[in-house]
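Worksheet: the structure to be examined is printed underneath.
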Amino acid sequence: MAGVSAKSDGPMSKTRQELLQQQIRAIKNELGENDDDEDDVVSLEKKMQEAAMPPNVWKHAQRELRRLRKMQPQQPGYGTSRTYLELLAELPWKIASEEHEVDLAAAKVRLDSEHYGLSKVKKRIIEYLAVRKLKPDARGPVLCFVGPPGVGKTSLASSIAGALGRRFIRISLGGVKDEADIRGHRRTYIGSMPGRLIDGIKRVGVNNPVMLLDEIDKTGTDVRGDLASALLEVLDPEQNKTFNDHYLNVPFDVSKVVFLATANRMQSMPAPLLDRMEIIELPGYTCEEKLRIAVLHLIPRVLEQHGITNEHISIPEATVELIIQRYTREAGVRNLGRHLAALARAAAVKVAEKEQSVRLSREMQTEMIYHGAQGLGAAAAEADMEEEAMGIREKEIIPLATKPDPLLVDEVVLDTVLGPPKFDGREAAERVATPGVAVGLVWTEVGGEVLFVESTAMLGKGDLHLTGQLGDIIKESAHIALTWVRARSAELKLPVAEAGSLMKERDIHIHFPAGAVPKDGPSAGVTLVTALVSLFAKRNVRADTAMTGEMTLRGLVLPVGGIKDKILAAHRCGIRRVILPERNRKDLQEVPAAILKNMEIILAKRMEDVLHQAFEGGCPWKPASRL
Ligand code: ADP
């Protein structure tokens, strides 16, 4: 053993190294340890060689491998070092999908066959593909699909990947708060890992995929600056040739990746990032569009996924309309797809049960014949047995199995499978049936929504109570609204004003239902005033009218955002009159003409105009002189 421990003075000769390694192996054998770990490292090295890393990375990897060789598997750090080398070996340094020339006609057919409508979006995608065809390394902006969930952002991106003949990978950025999520943690941290980008590249296995940065607007707010700069580095063609992941610690070239992005809303995106993107908006679908999407795309897809066909289930268009109106109230078609899947499952159970009973009856019949034949006791019967069984199967069982009895989905089936309807057209009428309630339109992450503002008065000391998870801005709007109504109680000829102050010995409570959903923003201003005037005047607001707009203390109506989504939401809920700020007139261009045709849009400059339109028979208390 002394020979092993003795240090040699000069560099170790090769034969001496081998001798020592042999001795180590002999010692390990004696100790009962095998050579698995050694073999493991050898196979790792082979994998690394096959990965064809660039020379500088290869040098770095070999250094790390030498370190690993010197370590015992039980030693701390062995595991992390190994995992790191595995990552280096698995990354597609040289592997790329073959790049075909883009076939524009085929891409168009593909987009049309996979997506209904969206003609403007498809046109823009074809333009994008045309530029890539003419100049494959074009450094155009990154396409970013913006819209509520379920409108087809992800599936459009995957169609683009298909058209380019590249692999597709989606990286979810929702909830990413830390720059390290994108760029990785340094290996000195315990539990460190590569960032989502490198991890995505590893998973997809090629270095030129189409990579969808999903929910790019949902990255956390705390360290936005850093996050945005990490993302910018990824998207910047000048910098992304040598993208540096902290964990990887060697540059990786992501310049061949085709980046696309999705976001729910543009407003929350950092400006420098927005600058690098070309925004393509998908506002959501009308009921008619949803019906066509369901019939042409969702139902065939859902049936196929559940292994059933039209012979097993029949969903008439009228039923699809019922699902759209009574069970979903979304801008996209995601829940619609889920409900259709639930119906397909119910049909699948029916089919499976029927098959089982057919099989059982077939077995029983075979058995009966078998026993019958035995009863005959004749040898000939035994020979005929099989034939006879076949005969019966043909005569009786096959007609039973092929005679399909499809599950016809009607209102009753909807009720049993999906439960009682979640919405009905009468909601607005019922809720606005008492004074003090007005219908507002708000903008949320999932598109536009209809929101009811409820107010009530009670004995008290003149306080204003607000509930419904409200942010600061909406609370301020409520105070402005109350002040405005109080200041004009005489002009508005509010009956209670005659008693002196509007708030004398009274408290007002305003509630925004769906208390679990946080709400903020100034666009509820006009709705708040209308609800309060309705409360004090004891008159109902028109149930067919919804409104949106910010109001100043002097009663001017200011423009608000998300007009298109809000009008679509009103339309979905069966509301046919919408009061909007006059200065939002330009936004009406974006609303599909088919929707506008069915709606009455009223543009208001001042709060008095809104009130005049919000009540049946106008607003008799409209003051002659405007302040
Ligand atoms: P998003 O990414 O916007 O949340 P998805 O791309 O995941 O939405 O779409 C949800 C589902 O709806 C997918 O199955 C998609 O194919 C389908 N879908 C959405 N829009 C359309 C459309 N216009 N035509 C056909 N299917 C659609």
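Cβ coordinates come from backbone N, Cα and C, glycine included.
TrEMBL has this to say about the protein:
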- SER523: active site (ACT_SITE)
- LYS566: active site (ACT_SITE)
- 432-617: domain 'Lon proteolytic' (DOMAIN)
PLDDT averaged over the residues of the domain 'Lon proteolytic' (432-617): 86
Between SER523 (active site) and LYS566 (active site), the C-alpha gap once rounded to whole angstrom: 11
Cβ neighbour count within 10 Å of LYS566 (active site): 28
Other CB atoms within 10 A, centred on SER523 (active site): 28
